[in-house]
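Quick notes on the structure that follows.
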């Protein structure tokens, strides 16, 4: 039964999602305790590092499909990173900052998440490709 992809794939996604959601939760708590809740530092950090990880994984695994099994690709890209990164929270946080009339913080958060996210994807791709070359793949 566990040999069937129709069973293995959802299990892989689920296991990754548990780890991603818990990572997001505990990082958000840590940032709130460390820096307060007046600015969504945790969500910003999670979005940027999630983009970096997705770019790295894309370059290392998805461009070199034979390197990593489909279950591991699903576990990381769909499960872990899907649960870890949350641009819906990004939108809500921006909306909340705007509602609080904190226009400078809202503008920085909105633009910073987008610009730094795209830059982080590119850096992740470069790092993934360099790491792949170092592994001889």
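Backbone N, Cα and C define each Cβ position, glycine as well.
Copied from Swiss-Prot, the annotated features are:
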TRANSMEM  11-31  transmembrane segment
TRANSMEM  42-62  transmembrane segment
TRANSMEM  75-95  transmembrane segment
BINDING   82, 85  Na(+) binding site
TRANSMEM  107-127  transmembrane segment
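Sequence-distant contacts of residue 82 (Na(+) binding site), defined as residues of its own chain at least six apart whose C-beta falls under 8 angstroms from its C-beta, comprise 13, 16, 17, 20. Long-range Cβ proximity for residue 85 (Na(+) binding site), meaning a same-chain Cβ under 8 A and a gap of 6 or more residues, is found for 24, 46, 47, 50, 51, 54.
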